[in-house]
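Copied from Swiss-Prot, the annotated features are:
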DOMAIN    2-310  domain 'IF rod'
REGION    1-5  region 'Head'
REGION    6-37  region 'Coil 1A'
REGION    38-48  region 'Linker 1'
REGION    49-147  region 'Coil 1B'
REGION    148-163  region 'Linker 12'
REGION    164-185  region 'Coil 2A'
REGION    186-189  region 'Linker 2'
REGION    190-310  region 'Coil 2B'
REGION    311-365  region 'Tail'
Amino acid sequence: REVDRVMGLNDRFASYIEKVRFLEQQNKMLVAELNQLRGKEPSRLGDIYQEELRELRRQVDGLNAGKARLEIERDNLASDLATLKQRLQEENALRQEAENNLNTFRQDVDEAALNRVQLERKIDALQDEISFLRKVHEEEMRQLQEQLIAQQVHVDLDVSKPDLTTALKEIRAQFEAMATSNMQETEEWYRSKFADLTDAAGRNAEALRQAKQEANEYRRQIQGLTCDLESLRGSNESLERQLREMEERFAIETAGYQDTVARLEDEIQMLKEEMARHLQEYQDLLNVKLALDIEIATYRKLLEGEESRITVPVQNFTNLQFRDTSLDTKLTPEAHVKRSIVVRTVETRDGEIIKESTTERKDLP
């Protein structure tokens, strides 16, 4: 019966050895995969994540700086636009004042032209009156001469005839002097009035010319300011459109970056979960391996002819640490025999036994 038990134990031992070899091979593969995941993937993903995060922050900072610069330019353009509007209002007020002055000058010119026409009419009337008086004077002189000729009497040769011719000449000279004086006074008055009107017309014409020049200058300035205002309005609209486009693009890019960050975080979480799953599998395999090591050691003692019967209880394996890339597991099984207690402690790291100790205590009956 003991031989059958040993044979059965040998068969079980052989199957356990095959299973242990298979598990050791799987353990090595899992350890290599774990080292790869622990040493390379997390750092690479972390570096990629940090690099993308830094790039996104740089882009966000650049967009914020561009936005602030565009806002400053927009404020400056708004200030320039307000200044130009103020200047435009002032120029419009000056133009209105110039137009009012021009209308006043036009009224003065019209009044001066009307006065000139009236004076010319008076001069024509005076010249007509002078011509009429001259004709009347000549007619009166002719009638007087005819009367004097008709009233002449013949006297004797020794009697001297009255000096009528001299009197007529004196009268004619007096009338001619009066007519000449009146003509000269009229001509002088006409010349003075004409000169005054000419000076007034010249002054009004000069003022009108200056007013026209000022009006043209104001008109050119208004046109230039209007063109500048339209240009600034176009620039302001263009900058506002660019600002809206940049804000929309910034919002879209920010949303894309947030999606990318969320996706990377999800991938990192998935990798962490997968790593935890592999670590759990590795822990389970280590537990199985330790149990098999204990059972193999027990069978080895049986094969060496140990006479006592060993009952190995089910062990609990805890306190596995993977944070510092090291695994510290202590197993303290208790082997109950009839007369003694064997306690074996095995400590492993990365799948290799680094410390093993066995103690034996006598069991009191």
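Heads up, residue numbers simply count up from 1 along the chain you see.
Here the Cβ of each residue, glycine as well, is placed from N, Cα and C on the backbone.
Long-range Cβ contacts of the region 'Coil 1A' (6-37) within its own chain (Cβ-Cβ under 8 Å, at least 6 residues beyond either end) map to 271, 274-275, 278-279, 281-282, 285-286, 288-289, 292, 295-296, 299, 302-303, 325, 350-351.
Mean pLDDT across the region 'Tail' (311-365) comes to 45 in this model.
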